[in-house]
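Engineer: Take this structure first; my questions come after.
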Amino acid sequence: MPPFTMLMPSLQIVPANSQHQQNVPVPKQRIQRSTGPDSTPTDLLNTTRADLSQAQRSRSELQDRLDRVNTEVESLRKKSSQEGRRINALESERAQLKLRLKDRDAELKGKAKLLEDFQDELATLNLQLNMAEERSTRLKNENQDLVDRWMARMGQEAEAMNDASRYS
């Protein structure tokens, strides 16, 4: 029996235990070829060619699988690179937004303080206005009392003068 017929394994397809669950060729147990009296060199040559053909198909399948995996790896690397750039851009935008938010918070605090001061000033001015109006009203009343008393006194004096001139 030629030695190369014993070295050539037959292959079968079995599911792989991987994320993609794709078929991967794995070797079967070796089948020993008998070199019995009915085996002819043509039979051995045909068997060897069949084994070689099977091995080449297996190699082709493995090469295709390797090419697909390499393509997927490159695709994932490219996607990862793009995602990394996107992450960096988003982190930069987030930092800018945080800074703008912090500035806006400070601005709002300043405006709230300004509004509070304005309201306090307005309350003070309203209190002063009320006090001034009360004083004005009080002074008007006092003035009216003084005018009324003065008019009454002048009226009395005029009456007294009229009475004095009648009797004179």
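Cβ coordinates come from backbone N, Cα and C, glycine included.
Since the structure is predicted, the reported quantities are computational estimates derived from the model, not experimental observations.
Checked TrEMBL, it gives:
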type     : residues : note
REGION   : 16-85    : region 'Disordered'
DOMAIN   : 17-162   : domain 'Autophagy-related protein 16'
COMPBIAS : 32-57    : compositional bias 'Polar residues'
COMPBIAS : 58-85    : compositional bias 'Basic and acidic residues'
Engineer: Roughly where does the domain 'Autophagy-related protein 16' (17-162) sit in mean pLDDT, to the nearest integer?
Structural biologist: 89
Engineer: Could you give me three numbers for the compositional bias 'Basic and acidic residues' (58-85), the DSSP helix, strand and coil residue counts?
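Structural biologist: Summed over the compositional bias 'Basic and acidic residues' (58-85), the classes give 28 helix, 0 strand, 0 coil.
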Engineer: Let's see if you can do this one: DSSP helix, strand and coil counts over the domain 'Autophagy-related protein 16' (17-162), in that order.
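Structural biologist: Split into helix, strand and coil, the domain 'Autophagy-related protein 16' (17-162) gives 122 helix, 5 strand, 19 coil.
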